[in-house]
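Encoded as structure tokens, the structure appears first; notes follow it.
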Amino acid sequence: MPLATLRGVCQVEFQNNVWTALLFLLALLLGGWRFAVFALIGALVTTVTAWVLGVARDRLTIGLEGFNGTLIGVAVALFFEMGWVALMLVIAASVLGAVVTAALTVLLAPYDVPALTAPFCVVTSLMMIGGPAFARIWDARLPPAPATAEPTAALSYTDVWQGLLNGIGQVFFQDKWYAGLVFLIGLLVASRVAAIAAVAGSAIGIVVAVILGAPATDIGAGLYGYNSVLTAIALAGVFVALTPYGVLYAVLGAVASVFVTAGVAALFRPVGGPALTWPFVLVTWTFLAAVPMFSKIRRPS
Amino acid sequence: MPLATLRGVCQVEFQNNVWTALLFLLALLLGGWRFAVFALIGALVTTVTAWVLGVARDRLTIGLEGFNGTLIGVAVALFFEMGWVALMLVIAASVLGAVVTAALTVLLAPYDVPALTAPFCVVTSLMMIGGPAFARIWDARLPPAPATAEPTAALSYTDVWQGLLNGIGQVFFQDKWYAGLVFLIGLLVASRVAAIAAVAGSAIGIVVAVILGAPATDIGAGLYGYNSVLTAIALAGVFVALTPYGVLYAVLGAVASVFVTAGVAALFRPVGGPALTWPFVLVTWTFLAAVPMFSKIRRPS
Amino acid sequence: MPLATLRGVCQVEFQNNVWTALLFLLALLLGGWRFAVFALIGALVTTVTAWVLGVARDRLTIGLEGFNGTLIGVAVALFFEMGWVALMLVIAASVLGAVVTAALTVLLAPYDVPALTAPFCVVTSLMMIGGPAFARIWDARLPPAPATAEPTAALSYTDVWQGLLNGIGQVFFQDKWYAGLVFLIGLLVASRVAAIAAVAGSAIGIVVAVILGAPATDIGAGLYGYNSVLTAIALAGVFVALTPYGVLYAVLGAVASVFVTAGVAALFRPVGGPALTWPFVLVTWTFLAAVPMFSKIRRPS
């Protein structure tokens with residue numbers, strides 16, 4: 001169970017390697033102890049819930065039942081102040097996350113499409129959109145981080161290289177470039193292809209956002225990168241075979257993620273929810289569901 | 001056909017018992033004659049539409065084609081003043097409801113998940129969200145009920161016991177405690193398990209809402225209870241086998257319904273639609289779709 | 001490839017006839033050269049993308065991979081000023097549209113339901129909702145057309161006959177009655193049934209909107225007609241057998257499209273997206289998915 005929980009931390013980026021998990025935890029610690037602790041609580045609660053309800057052992061041991069709990073934990077640590085309410089929230093949300101994981105796994109099985117981080121997105125969106133109805137939850141919210149700079153169209157060199165690493169860190173809501181660097185090293189330990197895909201995905205996010213004229217502060221914070229990072233890793237070798245056409249497909253997916261990031265953010269704005277990794281989920285589901293129509297693209301054998 | 005229509009009234013809560021249907025109608029009469037009359041019109045129109053288009057006879061006779069029409073009728077009677085517009089609306093909405101019922105039944109069949117009250121939710125949400133575009137519909141709207149009390153955080157004993165019964169009555173949009181009591185008696189006539197699940201679901205809704213700090217007036221009106229009532233009945237014995245794990249699963253579902261109620265209400269607020277029984281539908285679909293992954297939970301044999 | 005692209009223009013209304021395609025292009029030219037040129041670019045890009053990724057040849061040659069690109073092209077020409085940004089947008093959106101087409105085709109295959117114009121709706125909604133995030137895209141937007149008249153409830157004879165033809169033209173975003181007339185002639189060349197269904201659908205849209213009290217200017221512009229036009233063509237002979245019950249079913253679908261048009265428009269208003277042909281897609285998906293439940297309705301042999 002402890003190993004399954006730990007593997008749940010690195011399965012967020014489709015890896016199954018204990019060293020990677022430890023490096024990811026170190027990166028979370030750089031952001032603050034609460035991120036690391038809540039990530040472990042979330043992964044533990046979803047894994048235990050799945051175990052109690054009788055999920056097949058092989059899914060549990062490789063961390064497939066834990067990674068949505070990991071992200072739920074990090075999100076609670078980001079949006080709420082540490083205390084009983086946050087602890088109650090992470091437990092309730094992670095239990096629910098385990099059921100949503102099972103439901104999506106069944107619903108998507110006929111198409112051979114995985115649930116990805118959708119259970120995390122469903123539960124966290126619910127928490128942020130429904131939260132204001134409950135005084136005890138909403139009073140425990142942290143004030144949103146103050147904007148560190150005026151929105152500006154002029155992109156500095158610092159925006160670019162920090163944005164490149166922040167795009168990797170933002171997968172776990174981290175906005176410090178050195179945290180992103182540790183995540184990247186963690187990926188590298190598990191898979192060179194995944195590490196290259198992560199950097200390429202983050203770079204694609206920045207380039208497309210610059211061409212389209214997104215605000216420089218958003219680009220520097222990695223907000224247009226993290227969904228492209230996840231889409232690139234998922235489509236480059238993990239769920240699609242690593243052929244020349246497969247790489248082209250992954251690049252298309254990473255580009256599409258930038259557009260979808262803007263669309264999802266605008267959709268959620270009237271109800272006050274963050275975009276989370278919905279763009280990655282929607283783009284990767286679409287690109288994976290489409291595979292059977294494309295003879296040049298195939299699943300890994 | 002008259003019996004099928006009548007059974008459509010009690011199938012709202014998954015029962016197939018004429019006495020229960022008559023008691024449910026009595027409870028609606030306590031709220032006003034228009035609720036009972038429109039419930040019957042709605043059930044009749046969806047059942048006749050399904051019959052004309054050739055739905056299998058066994059679905060018709062047990063009322064499975066009528067219960068969404070029942071709720072559509074009650075909703076029209078609640079939101080619109082009695083007259084030609086309301087009559088036209090309930091007929092048009094119920095005809096459409098019959099087609100939506102068929103479509104969802106087909107779409108969900110591979111997962112062995114029923115349509116539940118989703119057709120009612122789809123059609124009624126459409127009516128309330130699209131309605132303002134049409135002067136003739138919107139002019140016939142009833143003014144929203146005045147708030148009977150200031151929103152307050154202090155929960156009285158009256159809020160609790162009335163909320164318990166109102167949670168059962170709100171399944172049919174009824175907010176008088178004695179109407180809720182008659183619904184409960186109707187359930188008891190058909191199934192002791194369903195009656196216990198209804199009371200437990202309503203109680204869970206109140207307890208969770210109190211812990212989370214929801215407004216006392218909403219709790220007293222049963223607004224945090226009715227989705228938990230339906231989820232509890234559906235998961236306790238109707239669509240999930242009544243084992244110890246099954247009961248735990250139903251409790252989880254009832255708790256989740258409270259969170260989802262707040263989320264759905266917030267999502268619909270910008271477009272002016274009520275939450276209806278969407279939370280029950282979404283939670284129960286999720287929990288039923290997840291069953292094949294959980295070896296400890298099984299469908300009733 | 002040129003023929004496949006051309007066929008992509010007329011497949012918007014389910015036709016596979018080169019003369020029809022040429023007449024549709026003529027109708028677009030009446031609205032402005034940019035509509036015709038961008039329609040061809042869109043159809044070409046989606047068709048080429050599908051061909052590069054290896055879609056089956058028989059889908060390509062009859063234009064099934066092109067018609068969503070056609071509509072994407074027309075939408076870009078409508079909402080953005082001609083220039084490099086518009087060209088970049090139509091290419092990016094059409095490439096993405098080809099992947100969405102493949103994904104929806106796979107997802108809907110178990111239910112024998114086609115993707116219809118949903119890929120166009122997905123990609124164009126994304127463009128309009130996410131667009132404001134990107135200065136370079138949003139600066140290239142055309143100012144919305146000024147209202148030609150005050151909204152008024154009094155419907156003139158001109159509103160009615162122009163609305164009838166505009167309902168047909170609005171399928172391609174055209175609001176000139178003579179453009180609608182050329183589209184109608186194009187349909188007539190390919191199929192008398194489709195032409196009759198188009199006129200009947202447009203008429204149903206007007207009648208229902210008038211009865212419900214929609215603004216006369218919207219009715220005259222064909223805004224309540226074009227979804228009914230598409231639904232009527234799709235359900236009358238194309239995807240449902242042309243029997244007496246089938247015709248009744250198509251009429252029901254055309255009526256439902258009017259309600260859903262109002263609902264979708266209201267849903268999209270908070271995020272600033274147009275309704276596009278979402279109402280047609282949602283209604284036709286529902287009515288086609290429902291067919292297996294209805295013994296009186298059947299698919300064409």
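Including glycine, each Cβ sits where the backbone N, Cα and C put it.
Any TrEMBL annotation is an automated prediction that lacks curation.
What TrEMBL records for C:20-53, C:60-80, C:86-109, C:116-138, C:181-212, C:248-268, C:275-295 is transmembrane segment. Look at TrEMBL and you will find C:THR277 tagged as site 'Important for channel permeability'.
At the 8 Å Cβ threshold, with sequence separation of at least 6, the transmembrane segment (C:181-212) lacks contact with the transmembrane segment (C:86-109), having fewer than 3 such pairs.
Long-range contacts of the transmembrane segment (C:86-109) within the same chain, counting only residues at least 6 positions beyond its ends with a Cβ under 8 Å from a Cβ of the stretch, are 38, 41-42, 45-47, 49-50, 53, 55, 65, 68-69, 72-73, 76-77, 80, 115, 118-120, 122-124, 127, 137, 140, 285. Non-local neighbours of the transmembrane segment (C:275-295) in the same chain are 71, 75, 108, 111-114, 116-118, 120-121, 124-125, 171, 226-227, 230-231, 234-235, 239-240, 249, 252-253, 256-257, 260-261, 263-265, 268; each lies 6+ residues outside the stretch with a CB under 8 Å from one of its CB atoms. Sequence-distant neighbours of C:THR277 (site 'Important for channel permeability') (same chain, six or more apart, CB under 8 Å from its CB) are C:LEU71, C:LEU116, C:THR117, C:PHE120, C:CYS121, C:VAL171, C:TYR226, C:ASN227, C:LEU230, listed in sequence order. With a threshold of 8 Å between CB atoms, the same-chain residues lying at least 6 positions outside the transmembrane segment (C:116-138) that come near it are 12, 67-69, 71-72, 75-76, 79-80, 85, 89, 93-94, 96-98, 100-101, 104, 230, 234, 268, 271-274, 276-278, 280-281, 284-285.
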